[in-house]
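S.K.: In case it's useful when we look at the structure, here is the feature table from Swiss-Prot:
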ACT_SITE  Glu215  active site, proton acceptor
ACT_SITE  Lys257  active site, schiff-base intermediate with dihydroxyacetone-P
BINDING   Arg72, Ser299, Gly300, Gly301, Arg329  substrate binding site
TRANSIT   1-38  transit peptide
Amino acid sequence: MASATLLKSSFLPKKSEWGATRQAAAPKPVTVSMVVRAGAYDDELVKTAKTIASPGRGILAMDESNATCGKRLASIGLENTEANRQAYRTLLVTAPGLGQYISGAILFEETLYQSTVDGKKIVDILTEQKIVPGIKVDKGLVPLAGSNNESWCQGLDGLASREAAYYQQGARFAKWRTVVSIPNGPSELAVKEAAWGLARYAAISQDNGLVPIVEPEILLDGEHGIDRTFEVAQKVWAETFFYMAENNVMFEGILLKPSMVTPGAECKDRATPEQVSDYTLKLLHRRIPPAVPGIMFLSGGQSEVEATQNLNAMNQGPNPWHVSFSYARALQNTCLKTWGGQPENVKAAQDALLLRAKANSLAQLGKYTSDGEAAEAKEGMFVKNYVY
């Protein structure tokens, strides 16, 4: 990627927010090398981000690894075979009218290159539905040495060449998920590692034509209250945007996938949708620049109904960003159970998927009501130490 280098004398912050409480020396003028992105894809990135962040639509996250997909299939008594994964993914992407509610679909690498059971490329099916294909590009979590039993996300090695190939295959956005655990700290090291990795990924993605979805998931695990989640989330997003700026990421060409600000899953004090909305919107206003086109929330183990109610509460007034959803289990859970691996249940399962997609579409517009929701849709899906 071509870039231009300018020499400029200026005062620059030398520390991110984590170091803000330390005694700072008086700033001195320094001569620094400023790198200006010469982005060949900039206009396309902005257009793609705006397409995904369109009114009444959100993202279907169907990028579970083959191992995680195997767990989902096992829950309905199916073996984890490529044929079964193909059958389930075919069910999802061929749901009639899905594009009315879904603007983007995050795929696992196998899915990006996969065809439906009828032999048509899944990417082509999505495009016909006016759904932008995306791709999970991280390589999963591994232990972070020197931390309090925390993790970091791998996958930067070879990312540029992989993303160039994904672009040629039809992907137009990418997703990188890292996690922060409140019961384990989080340590300064873990937060910095998460933020830096996300920033490098975002810069590399934009250089290769893919809109990066930035996802530092704050896990639900723990007994902490909502105020503690809010405190940690402020630090995580401050670090993330600090390092994205350092890496010359164009904010108009990214999307965010944050956790909602909620109490820990094991906290005795539960939060109402209005409380979740108040805390989450306060976080966004404090930390997220209005240049960012879309905030696509993850559900993180909330029940299908809870995730929809919380999103609806956040859309009761105007926001400077498109506030929407990027759900996996909160869109698919009832659909998967309805299907049960039986061909005769495909239509009923697709209807269940469309029902949830429509509910969240209405929530994005602030028009959702929970009247008539099934009891099963209200069951929480939190799994302690969940591995995606």
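Glycine is treated like the rest: Cβ placed from N, Cα and C.
Given the structure is predicted, the values throughout are model-derived calculations rather than measurements.
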S.K.: Output, ordered by sequence, the same-chain residues six or more apart from the residue listed as 'active site, proton acceptor' with a CB under 8 Å from its CB, or 'none'.
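M.R.: Lys175, Trp176, Arg177, Thr178, Leu198, Leu256, Lys257, Pro258, Leu298 - these are the non-local Cβ neighbours of the residue listed as 'active site, proton acceptor', listed in sequence order.
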S.K.: When you measure from the Cβ of Arg329 (substrate binding site), how many other Cβ atoms are you left with inside 10 Å?
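M.R.: Cβ-Cβ neighbours of Arg329 (substrate binding site) within 10 Å number 23.
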S.K.: According to DSSP, does Arg72 (substrate binding site) sit in a helix, a strand, or coil?
M.R.: helix
S.K.: For the recorded positions Arg72, Lys257, which one has the sparsest Cβ surroundings, going by other Cβ atoms within 10 Å?
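M.R.: Counting other Cβ atoms within 10 Å of each of the recorded positions Arg72, Lys257, the minimum falls on Arg72.
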S.K.: Within 10 angstroms of the C-beta of Gly301 (substrate binding site), what count of other C-beta atoms is obtained when all protein chains are considered?
M.R.: 21
S.K.: Once the DSSP letters are reduced so that anything not helix or strand counts as coil, what is Glu215 (active site, proton acceptor)?
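M.R.: It is in a strand.
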S.K.: Tally every other Cβ atom lying within 10 Å of the Cβ atom of Gly300 (substrate binding site).
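M.R.: Around the Cβ of Gly300 (substrate binding site), 22 other Cβ atoms lie within 10 Å.
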